[in-house]
Ligand SMILES: Nc1ncnc2c1ncn2[C@@H]1O[C@H](COP(=O)(O)OP(=O)(O)O)[C@@H](O)[C@H]1O
Ligand SMILES: CC(=O)N[C@@H](CCC(=O)OP(=O)(O)O)C(=O)O
């Protein structure tokens, strides 16, 4: 018995538009085939089952056209609601969650036990493709506690760290086995054995992109990109270089600080391009990767003038 896929009639114009989009993707397919792309999926871009499903489809699409996607996920809002359920207070300072030892247990539980599992199972609806790894597994990350300066004051963030080393060999082996690694941003504390650190997921994605010599770092969030005058929505920056980003970084607010710092570190660390895109638009990642105009804000070491 043969299976018939129902065909939906479309106008000649619409059909031509689809064909042109496919053709526009050709140079990008050629350029990215066989390269590593690190995709940071932020908790604020996971807000609906439809968005999560579309994200999983995009990642699988990248894999099937020969790109090597590596997913680093966040889960900030999911951590906040779990902490609330447990009656544990948490606050953000300078874009980072102040994390007590008690809160750290919840952070790890939500990232590795909930968000990561959900993403793996969504991707695996398309086949046995994804496997999760925590930054604590097999020496993937080591971290060191960090402090931040807020209004001239040094703030102790508790169990929060920077990634100080990455051993990406296990992730590479997974890529060689044609798997899609899904990574949680938790790291062992190198100075306090036995302790774990809460790593901002943008920072973890950037460190991994550098270690894997990724061709691109794509960060999905809940805004169109970086606005020059936040919250003025007409001030979206489509591209900027590292020097310009370094100049405006101190003026940025809340979640954009770790995000833009991550982009800066990535391009300074040899990743050719970092992009912030709107994860609220279904399939924005495909547009970013496979169309000439991309979407959102792109950061490169030096803009071609
Ligand atoms: N200049 C800016 N441009 C865009 N967003 C900004 C800017 N400054 C602050 N923001 C805030 O940063 C948020 C994104 O960071 P965050 O909430 O940490 O996202 P995610 O969960 O995706 O990591 C935006 O929703 C916006 O409220
Ligand atoms: C230190 C720090 O702030 N860690 C983050 C880790 C998760 C994360 O980064 O999630 P998003 O990408 O969704 O924001 C947190 O606790 O929320």
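Glycine too: its Cβ is placed from the backbone N, Cα and C atoms.
All annotation found in TrEMBL is predicted automatically rather than curated by experts.
Restricting the average to the domain 'Aspartate/glutamate/uridylate kinase' (36-278) gives a pLDDT of 96. Per TrEMBL, domain 'Aspartate/glutamate/uridylate kinase' is recorded for 36-278.
DSSP classifies residue 40 (site 'Transition state stabilizer') as strand under the three-state reduction. Under the heading site 'Transition state stabilizer', TrEMBL lists 40 (among others).
Taken from TrEMBL, the feature substrate binding site applies to 75, 76, 97, 198. In the three-state DSSP scheme, residue 76 (substrate binding site) is classed as helix. With a 10 A radius on its CB, residue 76 (substrate binding site) counts 18 other CB atoms from all the protein chains.
As annotated by TrEMBL, site 'Transition state stabilizer' applies to 259 (among others). Under DSSP, residue 259 (site 'Transition state stabilizer') is assigned to a helix (H, G or I) in the three-state scheme. Residue environment of residue 259 (site 'Transition state stabilizer') contains 27 other Cβ atoms, counted within 10 Å of its Cβ in all protein chains.
In this structure, 76 are the recorded positions from 40, 75, 76, 97, 198 whose C-beta falls under 6 Å of some atom of ligand 1.
Among the recorded positions 40, 75, 76, residues whose Cβ is positioned under 6 Å from ligand 2 are identified as 75, 76.
The Cβ of residue 97 (substrate binding site) lies under 8 Å from the Cβ of 76, 79, 90, 91, 103, 107, 157, 160, 198, each of these being in the same chain and 6 or more residues away along the sequence. On its own chain, residue 75 (substrate binding site) has 43, 46, 110, 111, 114, 115, 201 as residues at least 6 apart in sequence with a Cβ closer than 8 Å to its own Cβ. Reported as a whole number, the C-alpha separation between residue 259 (site 'Transition state stabilizer') and residue 40 (site 'Transition state stabilizer') equals 10 Å. The Cβ of residue 40 (site 'Transition state stabilizer') lies under 8 Å from the Cβ of 71, 72, 73, 74, 201, 202, 205, 217, 218, 219, 220, 262, each on the same chain and at least six residues away in sequence.
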